[in-house]
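Just lifted these from Swiss-Prot, have a look:
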- K128: active site, N6-AMP-lysine intermediate (ACT_SITE)
- D43, A44, D45, Y46, D47, S92, L93, E126, R149, E186, K302, K326: NAD(+) binding site (BINDING)
- C417, C420, C440, C446: Zn(2+) binding site (BINDING)
- 622-701: domain 'BRCT' (DOMAIN)
Amino acid sequence: MSGDKPVEALSEAEAAAELERLARAIADADAAYYQNDAPELTDADYDALRQRNLAIEARFPALKREDSPTDRVGAEAGDGFAKARHSAPMLSLDNAFTDEDVADFAVRIRRFLGLAPEETLAFTAEPKIDGLSLSLTYENGKLMRAATRGDGQTGEDVTANARTLGDIPVKLKGKGWPERIEVRGEVYMAKSAFADLNAREAEAGRKVFANPRNAAAGSLRQLDVEITKSRPLRFFAYAWAAASEPFAQTQFEAVKAFADWGFVTNSRMIRIKTVEEVLSYYQEIEAERASLEYDIDGVVYKVDRLDWQQRLGFVSRAPRWAIAHKFPAEKAVTTLLGIDIQVGRTGSLTPVARLEPVTVGGVVVSNATLHNEDEIARLGVKPGDKVEIQRAGDVIPQVLRVVEPGQGAPWAMPDTCPVCGSAAVREIDDAGRADVRRRCTGGLICPAQAVERLKHFVSRKALDIDGLGEKQVLLFHEKGAVKAPQDIFRLKKNIEAAGLPPLEEWEGFGAQSARKLYSAIDARRKVPFARFLNGLGIRYVGQTTSAQFARSFLSWQSFWAAVKAAEEGGIESEAYNELIGIDGIGQAAARSLMAFEGEPHNREMLAALLEEVEVEDEIPAETGSPVTGKTVVFTGTLEKMTRDEAKARASALGAKVAGTVSAKTDIVIAGPGAGSKLVKAEQLGLAVMTEDEWLALIGET
């Protein structure tokens, strides 16, 4: 298989096939991460796929696919605290696992910014604390709110608890702080304090904590503030958002300002200028890891200049200007007791290793992913074997190898769904290759798929219905009151029709909680375009892709009309080309939408759902720019900024960046070497401008 060959040994045909395989594999992994909140690959495995894709594209630039993978976020807020909406998302960081990953990160930064080789690219470097992220809002120097990270958009309001931490100033010291700012950092518990806490908990007959991070998170999220006050919590400040005015020119200066304002900052943070210095620092910190007073799981590097951070911007889950260099995964040996099958929302069957419980990195592990049947065959693993497992950060543990074979019989992947009994098949793509994952063909008749889709539909990243979580969805489904998304909005009627007692009489509910739930459901009868599309749980169409479609089509009606037209006309239709012409949208997403529309039961479900909800139009951000809402295409060589930076800037101004030229294109920016796109633009009579004219239009001359 071409997937086993070194990149330099691939023929052009093999490279094209490998790029297609990688596009599908990465899209599957992205869907699992963004849609299911259940990553199926370790960070290292995922990064290996992306790096191979990049290497092939670098060697065969002409083969780069339209759906080429591009850089693409914790847990939801609980019910015990008020929700707190972040003024700017609290994003995660992309990871690096090798020295080469770090070097590639620096190369990407230089390429994006268009830096000359001799120009200094400075970074800050600091230990990556393994704790709980916290955002602190200050107005006129006074602490107004403290919020946990949550899902990155909405966290929990833990202000009263945060005020008990000595490292968090209630009033900022010194001067120069902005009128309003969110200071962000990490709540943690020192190792010695953790040991003392667990000793006290054990002496009192209470359950002890697995590790310092769990202890810190559990202590901060106490409903009784006195319990939080009694716990030895610490806080490091290292980032910020939503500052009302600039207060520093570099990351290093900003963190120094935090210290001046009364925050505790990490004394190990340094400013460095070369990749060699970065890697030397990593080795130094790794060597000191065991002796530090707090747990760390890597080192974080950030571009030091804030103007460059602003230019670099963000992708959906992470800033382009920062990366976490993770320490090697921790490993252990245990016995494989059995292999269970989990059925996901899109029907994927995932084998899960059931293990003799073992402690790995301070966490008791009893399950680990086996990914798919090909991986099981590669490992030669079966129940009864002694296996080596590893756990890296918060990634699902994985089985690495068989250490000692057992006496158990060989294990085979079932060819029927263990939940509904439908056939489980490996889909064949256009090139005749089998999908790595076996999928249940039962669709919505499969209870496992139905429940998982319902959970996704009401999740924070989709409709975000307050008080309706996984537990409630499962209960309503088991009772027969909710079988499909539209049933959520018919809950009261369905309960009555099924002859069930009123909701307020159910165990765990009362009159007040029932009223609150019904009100929360009614509040979602108007739903934003992107949330609605993401909520449908269509394969390859997650949070990021849904937002891209919303920005491009603006209204649900026009978008779904294009999907219908593409499904009817096929891949040669103008509608299909319109879908894949959106920058960042590939063939996998477009074809998945067409397949969804092609299923009668999906059309019936969608029609019934649209009788219950109104999908709100996407409103372009009011940037005051003349390009807001315009569809633009870049072609040829840009000389004043890189292509990536130009696209990012256009999107920030509210423009819709497309990858192909059509009659719906408003502006084509053509640089030297522009080819077929320029010819087509001229044939269609579209507005064509040079890079300088474009910069003048957006006010960046």
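Yeah, the Cβs are placed from backbone N, Cα and C, and that goes for glycine too.
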In whole Å, how far does the CA atom of C446 (Zn(2+) binding site) lie from that of R149 (NAD(+) binding site)?
34
Return the member of D45, R149, K302, C417 nearest to K128 (active site, N6-AMP-lysine intermediate) in space, with distance defined Cα to Cα and candidates limited to these binding-site residues.
K302
Cβ within 8 Å of the Zn(2+) site's Cβ centroid: which residues qualify beyond C417, C420, C440, C446?
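Filtered neighbour residues, in order: V343, G347, T416, P418, V419, G421, S422, A424, T441, G442, I445, P447, A448, Q449.
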Across the whole of the domain 'BRCT' (622-701), what does the mean pLDDT come to? Round it, please.
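Value for the domain 'BRCT' (622-701), mean pLDDT as a whole number: 87.
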Can you tell me how many other Cβ atoms are located within 10 Å of the Cβ belonging to R149 (NAD(+) binding site)?
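Summing over all protein chains shown, R149 (NAD(+) binding site) has 23 other Cβ atoms within 10 Å.
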If you count Cβ atoms within 10 Å of each one, which of the binding-site residues L93, C417, C420, C440, C446 comes out on top?
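Going through L93, C417, C420, C440, C446 one by one, the largest Cβ count within 10 Å is at C440.
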List the residues of the same chain that sit at least 6 positions away from D45 (NAD(+) binding site) in sequence and have their Cβ under 8 Å from its Cβ, in sequence order, or write 'none'.
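Looking at Cβ-Cβ distances below 8 Å from D45 (NAD(+) binding site), excluding near sequence neighbours, one finds Q398.
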With DSSP as the yardstick, break the domain 'BRCT' (622-701) down into helix, strand and coil residue counts.
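Once the DSSP states are binned, the domain 'BRCT' (622-701) shows 26 helix, 15 strand, 39 coil.
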Expressed to the nearest Å, what is the distance separating C420 (Zn(2+) binding site) and R149 (NAD(+) binding site) at their Cα atoms?
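So the Cα of R149 (NAD(+) binding site) lies 37 Å away from that of C420 (Zn(2+) binding site).
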